[in-house]
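*Asks:* Starting off with a structure, shown below.
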Amino acid sequence: MLLVVLVVALALTTLSTPLLNRLLGRAAGWPIAAVFAALTVVVAVQGRHVLVEGGTLEFSRPWMPAIGVNLELRMDGLGWLFCMLVLAVGALIIAYSTRYFPPGRRGGFYFLMTAFATAMTGLVLADDLVLLFVFWELTTICSFYLIGLSGPSANRPAVRTFLVTALGGLALLTAVVLLIVRTGTSSLSAVLADTSWMQDTGFATVVALLVMLAVFTKSAQFPFHYWLPDAMAASTPVSAYLHAATMVKAGVYVAMRFSAAFGEFGVWNLGLISVGLVTALIGAVFALQRHDLKELAAYSTVSQLGFLIMVIGIGTPAALIAAAVHTVAHALFKSALFMTVGIIDRQAGTRDIRRLSGLRAAMPVTATVAGLAALSMAGIPPFLGFVSKESLFDALLEAPGPAWAGPAVGVGAVIAAAFTFAYAFRFVVGVFGGPPNEPSPREAGVWFLAAPAVAVVGGLLLGLGAPWLNPLADRVAVDAAPGSGYADLSLWHGFNAALWMSAAAIGLGALLTWRSASGEALAGRRFFPASGTAVFELLYRGVIALGVRVGDLTRSDSPARHLAVPIVLIGGLTAVVAAANLDFGSFTAPTSRTLDWFLVVLVVAAVLSATITRSRLAGLVLVGVAGFTVALWFLFLGAFDVALTQVLVEILTVVVAVLVLRRLPRRFHRATRRRTVLTAGIAIGAGLSAGLAAYLMTGRRELSQAAEYFLSQVEDDTGGTNVVNTILVDYRAMDTMGELTVLGVAGLVIISVLNSSGLISGGGERQAKVPPSSAVWNADDNTVIVRTVARWLMPLLVLWSLYLLLRGHHEPGGGFIAGLVGGAGFALVYLTAASESAARIRLSSPGLIAGGIVVAAGSGLLGYFDGSFLRPLHADIGMPWGDFHFTTALVFDVGVYLAVIGVLLTALNHLGLRQPQTAGVRSGSRGRTGSRGRRAATGRPSNGPATGGSR
């Protein structure tokens with residue numbers, strides 16, 4: 001349960017940030033940091049059990065049992081390490097944020113930072129492949145929004161970062177699906193323990209390449225390295241946490257986790273080592289070229305991540321030990337370095353190293369903290385950075401492959417380390433050395449400096465006490481490497497190869513610093529013909545242009561032309577299936593009645609008439625006749641639920657269609673003979689395909705196994721007797737949840753499209769050709785009767801909708817039908833209103849839509865008390881008239897009810913009422929005010945709403 005408490009505590013902290021922000025402003029970071037610190041202590045206490053005793057903490061609950069996906073959390077040594085980094089570094093940076101930002105509310109920042117910490121914690125604890133992917137994507141989404149918080153200038157960097165990391169997410173998703181299909185389980189530990197799938201070299205190669213692509217995009221490896229410096233548009237706390245200490249380590253974590261399977265796989269070894277080495281080299285060179293301290297730190301991060309990926313690619317226990325130690329060292333010195341850059345920026349007003357000089361006199365404490373962080377980054381003893389660098393060198397010499405591979409990789413690592421020393425030296429000397437600038441900045445306050453100071457001191461203490469990390473390193477080796485290793489971390493191992501490599505790196509770095517004149521000699525050189533950002537933008541524009549060209553093949557404002565392609569494809573697919581000689585079971589002669597043929601003739605007559613008429617209003621009426629006839633047919637066949645739904649849909653469709661008709665010509669345009677023949681052929685083909693498919697699927701007289709099961713077991717399984725409703729909200733609730741989400745998105749899209757298109761401005765409305773003195777314009781008088789009826793009918797409709805909602809589990813009804821009835825009540829209010837102000841329904845349609853989805857999802861979460869998401873819970877509640885059988889499926893239905901009403905209100909308010917003019921949308925009619933029907937030019941009386949008495 002500890003793992004659940006950990007994730008839930010972070011989630012609750014995330015939800016509390018708006019309230020904390022409202023009460024405390026930027027100081028809300030203090031209680032949030034305190035929660036992070038407390039959770040760090042909780043995890044640290046488990047260190048003995050996990051690291052010394054070799055135990056694990058596990059939690060498992062069914063999530064999607066039908067496909068074997070569970071909510072599985074597991075903390076072993078590797079999970080413990082990354083969990084500690086997420087929480088400890090997060091506590092420091094959130095505390096630092098309380099002084100970095102000016103006074104004021106920072107609700108969005110704290111919410112997204114804690115949400116990211118929750119997602120990252122879930123990622124490193126996830127023991128289910130699907131859950132791992134979900135948390136992986138959540139970190140990407142949080143990063144996108146956190147970068148975007150910095151204003152318009154950060155929009156493009158946020159998009160670029162999102163798209164690159166999302167590409168890796170798609171690769172990871174593909175790998176997850178392949179592994180689940182091949183192994184038959186989604187358990188991460190089970191998949192990695194049973195490596196029988198590795199015997200298929202082709203399959204293993206594909207999975208390895210996909211996982212590597214995910215790792216490379218997330219951890220900013222070449223050629224995807226450009227997104228990380230680009231993401232420095234974010235505020236410094238975001239850069240320090242996500243893009244230096246934690247988010248980029250998600251790729252490192254996944255690489256270490258999958259080393260248990262791929263550690264001795266050649267494609268994996270070669271890919272990680274080569275890409276990591278190239279990244280370490282180019283990142284170090286680019287860091288030395290940069291004048292902006294934040295960009296320097298960003299490219300430094302790219303280089304250090306290259307070191308980590310390279311050593312993970314070695315795959316030996318010693319290599320995984322080195323990766324674990326360097327992960328800790330990098331998190332400490334790089335978070336401190338970024339926070340120091342933020343302090344310099346705030347106090348000195350610039351991050352340009354060419355404009356900074358001699359700050360050691362004015363900011364001695366900042367200079368000390370920055371200097372110590374740079375020493376650890378450069379790998380100077382006695383810091384943990386030195387211990388981790390020597391471990392890296394030792395491990396890299398064991399690179400798999402030919403005899404020369406180890407020395408060659410070692411030489412490349414020494415060169416990258418030399419550049420690391422050079423840019424670390426440039427950072428310290430360029431900012432704090434030399435003569436002081438005027439005016440001199442002031443030293444930062446104690447609380448501003450506290451967080452980076454703690455990180456630096458932590459790196460120093462862990463360097464001096466390196467043997468303390470041996471249990472952690474040993475356990476990580478056991479968890480991540482195909483074998484076991486023995487860690488022997490220490491500041492001094494004698495005169496060995498690693499020591500001489502360190503000395504060579506420092507010597508070459510000093511020489512490079514001297515020859516490069518503090519990086520100025522390299523600053524103007526270009527090593528590639530184009531930057532990564534330029535290449536991305538070129539590819540991005542190309543993909544968008546290609547998408548536009550492909551979309552133009554079927555894109556049209558004409559529904560007939562737009563629907564032609566999918567109708568033809570579906571019809572062709574139906575024909576292929578019908579011709580495939582599939583066994584559809586035995587068919588019997590139809591048992592049609594005379595009434596059936598009468599209704600068929602009526603439907604055919606209405607449809608044919610609708611295709612012939614040129615009047616839009618007549619076409620709408622005829623299509624409605626066909627719809628109501630079908631509803632009547634459903635009723636005669638005993639499908640009351642379906643009939644009621646069809647009737648309500650037809651009524652509301654007519655209402656919404658009338659709102660659109662007033663902006664269209666009265667008559668359809670004349671179509672050419674060729675177009676008529678083509679569309680008629682497509683329509684007839686679609687009808688025949690639909691009829692054939694229906695006959696193939698339902699033409700048998702015997703019940704399917706599923707139907708027999710539902711009819712016999714529905715009451716025992718769900719406590720309900722309405723088979724249709726229980727299928728929707730019990731058996732197939734996940735499908736309904738998806739459809740509900742689509743419905744909600746459709747409602748929001750209606751708002752967005754209408755607000756941006758100008759269709760709702762009222763400029764295109766047709767007006768009745770009647771004299772101004774006509775009684776038609778007197779909307780207040782000519783709607784008296786219907787308004788009187790509506791006053792008592794509207795409450796009855798609402799009550800009826802609630803009645804249908806409550807009884808849906810046992811009798812015809814349910815959330816969708818109830819929502820349609822409730823929507824019909826609101827439509828009645830709209831239709832009978834005498835003025836626009838009376839017609840406008842004050843309820844927030846987006847709020848109802850979002851609220852409905854949240855309620856439905858919340859009912860699904862309750863299912864975890866009994867095993868899985870959306871699993872219905874049941875209880876009998878005593879009432880004066882008897883026991884009331886309560887089920888959480890009813891709560892789910894309430895969500896459907898709210899969302900359906902929200903979508904209907906969206907249509908009424910945004911199609912039927914004049915909206916405020918938006919910038920860039922041209923008004924279609926001069927002399928009209930924003931009020932429906934008030935005409936300044938003519939002085940006509942106020943009209944009612946679009947379909948009210950004014951028509």
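Quick reminder: no glycine exception, Cβ is built from N, Cα and C everywhere.
Model, not experiment: these values are computed from the prediction.
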*Asks:* Looking at 292-311, 312-331, 812-831, I want to know which stretch TrEMBL calls transmembrane segment.
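*Replies:* That would be 812-831, the stretch labelled transmembrane segment in TrEMBL.
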*Asks:* Would you mind listing the long-range same-chain contacts of the transmembrane segment (563-582), meaning Cβ under 8 Å and 6+ residues beyond its ends?
*Replies:* 553-554, 679, 682, 685-686, 688-690, 692-693, 696
*Asks:* Give, as a single whole number between 0 and 100, the mean pLDDT over the domain 'Na+/H+ antiporter MnhB subunit-related protein' (785-906).
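*Replies:* The predicted confidence over the domain 'Na+/H+ antiporter MnhB subunit-related protein' (785-906), as a mean pLDDT, is 83.
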*Asks:* Please identify the stretch among 78-96, 131-149, 268-289, 784-806 with the greatest number of Cβ pairs below 8 Å relative to the transmembrane segment (201-217).
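*Replies:* Between the candidates 78-96, 131-149, 268-289, 784-806, the best contact partner of the transmembrane segment (201-217) is 268-289.
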*Asks:* Take the domain 'Na+/H+ antiporter MnhB subunit-related protein' (785-906) and count its residues per DSSP category (helix H/G/I, strand E/B, coil), listing them in that order.
*Replies:* 86 helix, 12 strand, 24 coil
*Asks:* For the transmembrane segment (78-96), find every same-chain residue at least 6 residues outside the stretch whose CB is under 8 Å from a CB in it, and list them.
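*Replies:* Counting only partners 6 or more residues beyond its ends, the transmembrane segment (78-96) has Cβ contacts under 8 Å with 6, 29-30, 32-34, 36-37, 39-40, 43-44, 46-47, 50-51, 110, 113-114, 117, 120-121, 124-125, 237, 240-241, 245-246, 249, 253, 256-257, 324, 327-328, 331-332, 335, 339, 342, 447-448, 450-452, 454-455, 472, 475-476, 479-480.
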*Asks:* How do the residues of the domain 'MrpA C-terminal/MbhD' (601-666) split into helix, strand and coil according to DSSP?
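*Replies:* Going through the domain 'MrpA C-terminal/MbhD' (601-666) residue by residue, I get 55 helix, 1 strand, 10 coil.
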*Asks:* Can you tell me how the residues of the domain 'MrpA C-terminal/MbhE' (679-754) break down into helix, strand and coil by DSSP?
*Replies:* 65 helix, 0 strand, 11 coil
